[in-house]
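The structure's right below; bear with me while I get my questions together.
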Amino acid sequence: MRALTLLALLALAALCIAGQAGAKPSGAESSKGAAFVSKQEGSEVVKRPRRYLYQWLGAPVPYPDPLEPRREVCELNPDCDELADHIGFQEAYRRFYGPV
């Protein structure tokens, strides 16, 4: 009984494999490589929301923080960085380096 079941499964597998080998690709698959798509088709599949748009496209680009260079200077000094955690960046920077 097991041998008959195994033989039937093998025959079914052979028919499936033979059917796939003889099949021809459709017109869309034969004209293009199956592994590659155009840039336009790829961008239609993966549409990411844009964070920053240019002004002429609708939304303005966010302005950079003018205090960011000073904040980085304060972060590089361990004492200023520690004090900034307690009393705030602007006050810590003022105490170490003068007016902001």
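Just so you know, glycine gets a Cβ as well, placed from its N, Cα and C.
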Quick one: which of Glu41, Glu75, Glu91 has 4-carboxyglutamate in Swiss-Prot?
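Record lookup, Swiss-Prot, feature 4-carboxyglutamate, residue Glu75.
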Among all protein chains shown, how many Cβ atoms are found within 10 Å of the Cβ of Cys80 (disulfide bond), not counting that one?
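So the Cβ neighbour count for Cys80 (disulfide bond) comes to 19.
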Calculate the distance in Å between the alpha carbons (Cα) of Glu72 (4-carboxyglutamate) and Asp81 (Ca(2+) 3 binding site), and round it to a whole number.
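If we compare the Cα positions of Glu72 (4-carboxyglutamate) and Asp81 (Ca(2+) 3 binding site), the gap is 9 Å.
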Could you round the CA separation between Cys74 (disulfide bond) and Asp81 (Ca(2+) 3 binding site) to a whole angstrom and send it over?
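Cys74 (disulfide bond) and Asp81 (Ca(2+) 3 binding site) have their Cα atoms 6 Å apart.
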Rounded to the nearest Å, what's the C-alpha distance separating Glu68 (4-carboxyglutamate) and Glu75 (Ca(2+) 2 binding site)? Just drop the number here, would you?
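Rounded to the nearest whole number, the Cα-Cα distance is 10 Å.
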